[in-house]
Amino acid sequence: MQPMLNIAIRAARLAGNAISSSLENKKSIEVKQKGKNDFVTNIDLYCEELIIETIKKAYPDHSFTGEETGVHNGSNTEYRWIIDPLDGTFNFIRDIPHFSVSIALQVKGRTEIGVVYDPVKNELFSSIRGTGSKLNDQRIRISSVPQLTSALISIGSRKDSNNYSEKIISESYDIRRLGSAALDLCYVASGRTDGYIENGLKPWDIAAGELIAREAGAICTDFNGSAQYLKTGNIVCSNVKLLREILKNLA
Ligand code: 2AM
Ligand code: CA
Ligand code: CA
Ligand code: CA
């Protein structure tokens, strides 16, 4: 898996550098509205193509699913790269320096590699299943905060997250709404936050980050405690004790 991780890291850094350069020349950024609260730019599209091209050069038979260009099947559909070229597009558009590139590799439907790269802070989170997680070259580990009253929870920044956020705001120590789902999971992985809750996500938002979080000791479930979060798009992520308490508050 290490050679594949290296390729994923190369692709993530290339895309991240392209995103950073585009911010130096803001006139080069073209914004289009995709849905009610969903925007896309020419940079999202450019980066998705760049990532696919970079991985394809090394693995021409692999398959891809990307947020912006959809499904590309190679002759080998058992190896599928799940790509979010720019997670936190709205932050990017508003010049808020918090967004990431997210790349996961699934083999027969199971995530084996995850890379999330924050080009502004030059922070690269990565994991190979079974080997733990890293931030750049350092091993990372989740926090052990056992109860919600002392926990810092990041909740999704999508508007329909308001359904559960009032309860979590009142029960937790404090909350954050940071705007990149992939980084939210990596921040739990590295102990910066104690838990993360969001609904309505797609596989490319969370596939890489949830592996990085789990390999750093976190448990991820959907809102009813089952393991279907990649399918339902609803995810809770934290240490096991805190998770039980969060789930109670979502019920
Ligand atoms: P995106 O930037 O790649 O679209 C906060 O908005 C987080 O939710 C981001 O990770 C964002 O990913 C994700 N997200 C998923 N679906 C969304 C939607 N319909 N509108 C806005 N953000 C969405
Ligand atoms: Ca989007
Ligand atoms: Ca996303
Ligand atoms: Ca995106």
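Here the Cβ of each residue, glycine as well, is placed from N, Cα and C on the backbone.
Remember, TrEMBL labels are computer predictions, not curated facts.
Annotated in TrEMBL:
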- GLU67, ASP84, LEU86, ASP87, ASP205: Mg(2+) binding site (BINDING)
Long-range Cβ environment of ASP84 (Mg(2+) binding site), under 8 Å and at least 6 residues apart: GLY66, GLU67, VAL101, SER102, ILE103, ALA182, TRP204, ASP205, ALA208
For the Mg(2+) site built from GLU67, ASP84, LEU86, ASP87, ASP205, further residues of that chain with CB within 8 A of the site's CB center: ASP44, ILE83, PRO85, GLY88, THR89, SER100, SER102, ALA181, ALA182, TRP204
Assigned conformation of ASP205 (Mg(2+) binding site) - DSSP reduced to three states: helix
Local Cβ density at GLU67 (Mg(2+) binding site) - other Cβ atoms counted within 10 Å: 23
Candidates near ligand 4 among the binding-site residues LEU86, ASP87, ASP205, judged by a Cβ under 6 angstroms: LEU86, ASP87
Neighbour tally for ASP205 (Mg(2+) binding site), based on other Cβ positions within 10 Å of its Cβ: 26
Cβ-Cβ neighbours of LEU86 (Mg(2+) binding site) (radius 10 Å): 29
Number of other Cβ atoms within 10 Å of the Cβ of ASP87 (Mg(2+) binding site) across all protein chains: 27
